[in-house]
């Protein structure tokens, strides 16, 4: 005996539902539902001036943060290589975006990782760790006091060393947001943990378009 | 102590063993139900070899469920790696339901006939066409980025997703394996077509995972190590879903084809 017709007719609604679900995948709505064309980072009420900080890069050369990044969009993050969560996620997200950017966007920006754990983040360690994400990411080290002074100047939380439990490695407290310093040296937008690739792809051209 | 694996954004992975009591409870419950059902039926009409095969199928189902839901795969798939999450789907939503249904002899399903309304509802629900759509809608919905990101960060939400996988899998395999209700019109060729169609079908989540330029699941994109490249892992997840599903479907095709050939060879030749 052939299949009953009634179940097939009842399935009409199921078929419509499946078509609807299928069509949603191609409707062009961004996966996270955020609007396209507006900044997705957190816009700060009071912009932050890029700190006057001279640090050391992984080659041992002095690096004047203001002078070396003048005219560039600088994405500055304070973290450490033994960080279990926030730091690797931020770097991985930025790395995933970097090579997708248009050359003119990529060439106009710098990603700078300032170590908050200079004792363990040796130049070699820093270079290897950042290099695993993207070869262009720049690692800087300096005295904790100087970095803390710069963080205080920017009204950001300072470096806090939390001893590890049961002899484990210490945890280093540090700001968890990436600061986007525009070409004019002012950071108007920060990107807290949770920023996604799609957010960077949306925002980076917009950030470069401002104050250019 | 957690009851079920769930996504914990921003939490670093640790190799420290975490008991997931809910998983153990579900395993114990399944084992208890299975033994209760077997104790109430007479399956002596089946050969000893077949009875052993059914028990082996049940043991394998329990192992697959426990291995994919308990630590370490449970937390890894829930919180860090989309590819592991997809392996869990294949185990919980495809392989284990088939094995659980195969683990019961035909006599275990006969009591369902005593309830005409239940049998009618089952008949509608597990009709091959409705089962096809229910399974695929379930698969699409439970892999939709908004749904995954919404439900996975809670134990209850994660449990609901796993339960939906299991239910969808049971409905999918029911018309192929369970003799109640009978479907005399669902011939072997139709069963093969049913499985083959599901093997080749391109579902939206697969397309999104493979072809999206950015990670589609926030929980995996923002997962700390061992997660590395979320996009690569997502594409691997899509491949695991497609290839793994296809292999399981084709395994089913082989079994049905073999049984069909055996049936045909046993049929007396017409004069």
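Any Cβ shown, glycine's included, is placed from N, Cα and C.
Here TrEMBL flags B:15-35, B:56-74, B:80-104, B:125-144, B:156-180, B:192-219, B:239-257 as transmembrane segment.
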The answer for the transmembrane segment (B:80-104), taking Cβ pairs under 8 Å and residues 6+ beyond its ends, is 13, 30, 34, 37, 54-55, 57-58, 60-61, 64-65, 67-69, 73-74, 139, 142-143, 162, 165-166, 168-170, 172-174, 177-178, 209, 217, 220, 223-224, 226-227, 230, 233-234, 236-238, 240-241, 244-245, 248, 252
Residues of the same chain, at least six outside the transmembrane segment (B:192-219), with any C-beta under 8 angstroms of its C-beta? 7, 9, 79, 82, 128, 132, 135-136, 139-140, 143-145, 148-149, 152-153, 172, 175-176, 230-231, 234-235, 237-239, 241-242, 245-246, 249-250, 252-253, 256-257
Spatial neighbours of the transmembrane segment (B:239-257) far in sequence, C-beta under 8 Å, 6+ residues away: 83, 86-87, 89-90, 94-95, 98, 143, 176, 188, 191-192, 195-196, 198-200, 205-206, 209-210
Same chain only, please: residues at least 6 beyond the ends of the transmembrane segment (B:15-35) with a C-beta under 8 Å from a C-beta of the stretch. Say none if there are none. 1-5, 58, 61-62, 65-66, 69-72, 74-75, 100, 103-104, 155, 159
